[in-house]
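Worksheet: the structure to be examined is printed underneath.
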Amino acid sequence: MQEPTGELLRLLSSDPPTVVLTGAGVSAESGLATFRGPGGHWEGRDPMSLATPEAFDAEPMTVWRFYDWRRTQAASAKPNPAHTAIVDLEKKLSNLTVVTQNVDGLHERAGTAEIIRLHGSLWTLRCTVCGAEREDLRPALHPLPPGCGCGGMLRPGVVWFGEQLPRESMGKAQNAVRNCRLMLVVGTSSLVYPAAAMPQAARAAGAFVVEVNPERTPLTPMVDEHYDGPAGEILPGFVSSMA
Ligand code: BJW
Ligand code: ZN
């Protein structure tokens, strides 16, 4: 466990408006593969080639089988100490907003009270014809592809490349980003926009930006502090420093 030092330690004790922006690395210690790390491929396919509307149009069954696998993996995974530490931070700070790119639902299962989901959820299905949305928590869906009452095909309620992010989530996230004094950027490669632009926007608005990642990313040179290690080891140290 690495305790924070210097400015971060001082800031945490001053109860700053805080945004925690998370990516797939937060769930890595729960056994879920990241997108761009080892183990991310499914049946030899790069997940990035499947997370597009074009792939779904061309091969809906293949894309659905991929998401069925993702749902099954996520359902059997458990929140890890990184998710729990974020819940603890939410309890200790009076104004903390969790903004996630993750679709696995592990923040929610850990107990995060309020979450802004930028890229949707594995557990929401949306009709490609009438647009109706519904929650479905079954890990494996039968039959595939699932159908809507209107006769249309359902699709995963996630945001694919080239698609707009949910307007309400974006609005809430941008508001929190503009108004925070501390941003923790945890477990994201900072390659996918518009999420990747949020830390820079926060910093431009005067926030102290901290990155937690065992690897360097394009964001690393721009942050105030980089904590080099797994989120499940670093974040509990942030919590314990506030005891
Ligand atoms: C650990 C760890 C441990 C490991 N502890 N860390 C501006 C410039 C250029 C391009 C664009 C732009 N604006 C928009 C675009 C286009 C595009 C984009 O960003 N392209 C880039 C790739 C260049 N963006 C979009 O299309 C977005 N839509 C949009 O902007 O609409 C308007 C528009 C459209 C078209 C043109 C212009 C504007 C939509 C993006 C949707 C992303 N969707 C996905 C799939 C979601 C569904 C699913 O899950 O299947 O979201 S892609 C995938 O990437 C997923 C993730 O949420 C997202 C980010 O990945 P993440 O979380 O960062 O994971 P990894 O694997 O990349 O990184 C993991 C990190 O964890 C690594 O750094 C590890 O080191 C670290 N780690 N273990 C801490 N234990
Ligand atoms: Zn329908």
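Using N, Cα and C of the backbone, Cβ positions are placed for all residues, glycine too.
The following features are taken from TrEMBL:
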type     : residues                                 : note
ACT_SITE : His119                                   : active site, proton acceptor
BINDING  : 23-42, 101-104, 187-189, 213-215, Ala231 : NAD(+) binding site
BINDING  : Tyr67, Arg70                             : substrate binding site
BINDING  : Cys127, Cys130, Cys148, Cys150           : Zn(2+) binding site
DOMAIN   : 1-243                                    : domain 'Deacetylase sirtuin-type'
Worksheet, complete the sentence: Within 8 Å of the Cβ centroid of Cys127, Cys130, Cys148, Cys150, the other same-chain residues by Cβ around the recorded Zn(2+) site are Thr128, Val129, Gly131, Ala132, Gly149, Gly151, Gly152, Leu154
Item to complete: Taking ligand 2 as the reference, state which of the recorded positions Gly39, Tyr67, Arg70, His119 have a Cβ closer than 6 Å to one of its atoms.
Response: none
Item to complete: Write out the long-range same-chain contacts of Pro214 (NAD(+) binding site), meaning residues 6 or more apart in sequence whose Cβ is under 8 Å from its Cβ.
Response: Gly25, Asp228, Gly229, Pro230
Worksheet item: According to DSSP, which of helix, strand or coil covers Cys127 (Zn(2+) binding site)?
Response: strand
Discussion item. If you count other CB atoms within 10 A of each CB, which of Ser27, Gln101 wins among these binding-site residues?
Written reply: Ser27
Item to complete: Using CB under 6 Å from any atom of ligand 1, narrow the binding-site residues Ser27, Phe35, Gly39, Tyr67, Gln101, Cys127 to the ones that qualify.
Response: Phe35, Gln101
Discussion item. At a 10 Å cut-off from the C-beta of His119 (active site, proton acceptor), count the other C-beta atoms across all protein chains.
Written reply: 21
Discussion item. Mean pLDDT across the domain 'Deacetylase sirtuin-type' (1-243), rounded to an integer, is what?
Written reply: 96
Worksheet item: In whole Å, how far is His119 (active site, proton acceptor) from Tyr67 (substrate binding site) when you measure between their Cα atoms?
Response: 14
Discussion item. Just to verify: the residue among Gly23, Gly31, Gly187 with the fewest other Cβ atoms within 10 Å, which of the binding-site residues is it?
Written reply: Gly31
Discussion item. Give me the long-range Cβ neighbours of Phe35 (NAD(+) binding site): same chain, 6+ apart, Cβ under 8 Å, in sequence order.
Written reply: Ala24, Pro47, Met48, Ser189
Practice prompt. Please report how many Å separate the Cα atom of His119 (active site, proton acceptor) from that of Arg70 (substrate binding site), as a whole number.
Written response: 15
